[in-house]
Amino acid sequence: MAQKLEAKGGEMGDVWDDGVYENVRKVYVGQAQYGIAFVKFEYVNGSQVVVGDEHGKKTELGVEEFEIDADDYIVYVEGYREKVNDMTSEMITFLSIKTFKGKTSHPIEKRPGVKFVLHGGKIVGFHGRSTDVLHSLGAYVSLSSTIKLLGKWIKVEQKGEGPGLRCSHGIAQVGNKIYSFGGEFTPNQPIDKHLYVFDLETRTWSISPATGDVPHLSCLGVRMVSVGSTLYVFGGRDASRQYNGFYSFDTTTNEWKLLTPVEEGPTPRSFHSMAADEENVYVFGGVSATARLNTLDSYNIVDKKWFHCSTPGDSLTARGGAGLEVVQGKVWVVYGFNGCEVDDVHYYDPVQDKWTQVETFGVRPSERSVFASAAIGKHIVIFGGEIAMDPLAHVGPGQLTDGTFALDTETLQWERLDKFGGEEETPSSRGWTASTTATIDGKKGLVMHGGKAPTNDRFDDLFFYGIDSA
């Protein structure tokens, strides 16, 4: 099933329509003196290649070819349209085509005329109008047949001596236990350096015994992930902006180890993002003593070495409070704060050591940072966050929001998951929460603890968005 996107441009010329196919394999664009003279597309249906008609007229200025790899597809077309010379109707003056994997036919740049875009999923056909030039262009977009994620929020009962009211901390799951470390109650004042452990069977918090290289700083803006039975903790700062190094905690022996002193590892920071796969721990962005960062570093737990990943392009600005998740071998950076809230999405391919920015669509969440996030199958699920900075910066609450959204990393489509006030246990607006991917009572989902309230108070609740189908 495909949706027909309206053709953008002028009304002059004959209408043409290539129809719908499985994929687009090649695009031919002919140049005219003032814009696009003609286009032609090659499509794929199964093993058959279908060569479309020429729309417009070739000139002596040549033809450019753009080939799409067999395992890739077009997700975004950007163009400009304008009335040229004495034309009574607009023509297309510029086209740039971008694929899911980030391949582009031309650098996307501002041009004279009116900008238009065609996107919304996998593009599987084109239509438009033409005379001796291309006057308009539209597209067909394949609609995903993926079933919407079905789930609901529950408030998890808590007993025992837990983290209590706090924000800016980190949590991670190992087996049937959730661990919490760091955080603040009063702005910029870390609370303690206990490692709290929540038993999912008894719903009871306790303070974990600790031996070895116990972190010497109580810290806020810290992040923590788990790989197997080991927790990894990086960064965070105290009230005087002294920073923590990189630690591991073996949950089977309750032993801390200082893996990398603060002066030997990646740039010390707070309010960064962390994620992990089976062999690597990733650290992205955050705020150092002097600036925000946009670097990605990975630590291989087998080799016990840091690797500084390739530098992203200018479009991935330095930021804190971003979502960072590993999905199907790619490391995804979602939104964040670079002086203002942003809504761009990028992924890093560790095999190619390459960054790609993607264009998302659907029911997109507004710009935000310091939200809860989790990776569930091919989806990234987020909740809440800050949508506008407070005039007092971190001392104030900022403008905080709610809402549960999921990004399908294959189709690049966002959807809203929760109901609008329809569930009693839906969390209230908040940011600066601690969150992780978790499995509770056999369901995988997003678990989050605490956070900052719109009143600038702190939460101490524990919520879980469990997925029934994915």
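A Cβ is built for glycine as well, from the same backbone N, Cα and C atoms used for every other residue.
Swiss-Prot lists ARG237, SER270, GLY321, VAL370, TRP432 as (Z)-N-(sulfonatooxy)alkanimidothioate-binding residues, and of the candidates ARG129, ARG203, ARG292 the one it assigns to that same site is ARG292. Other Cβ atoms within 10 Å of the Cβ of TRP432 ((Z)-N-(sulfonatooxy)alkanimidothioate binding site) number 31 in total over all chains. There are 20 other CB atoms within 10 A of the CB of ARG292 (active site, proton donor), with all protein chains counted. For the binding-site residues given as SER270, GLY321, VAL370, the lowest number of other CB atoms within 10 Å of the residue's CB is seen at SER270. In summary, the repeat 'Kelch 1' (177-225) does not lie against the repeat 'Kelch 4' (331-375): fewer than three C-beta pairs, each 6 or more positions apart in sequence, are under 8 Å. Distance noted between the C-alpha atoms of ARG292 (active site, proton donor) and SER270 ((Z)-N-(sulfonatooxy)alkanimidothioate binding site) is 10 Å. Residues near ARG237 (active site, proton donor) in space but far in sequence (CB under 8 A, at least 6 apart, same chain), listed by position: PRO190, LEU217, CYS219, LEU220, GLY221, TYR243, ASN244, PRO268, SER270.
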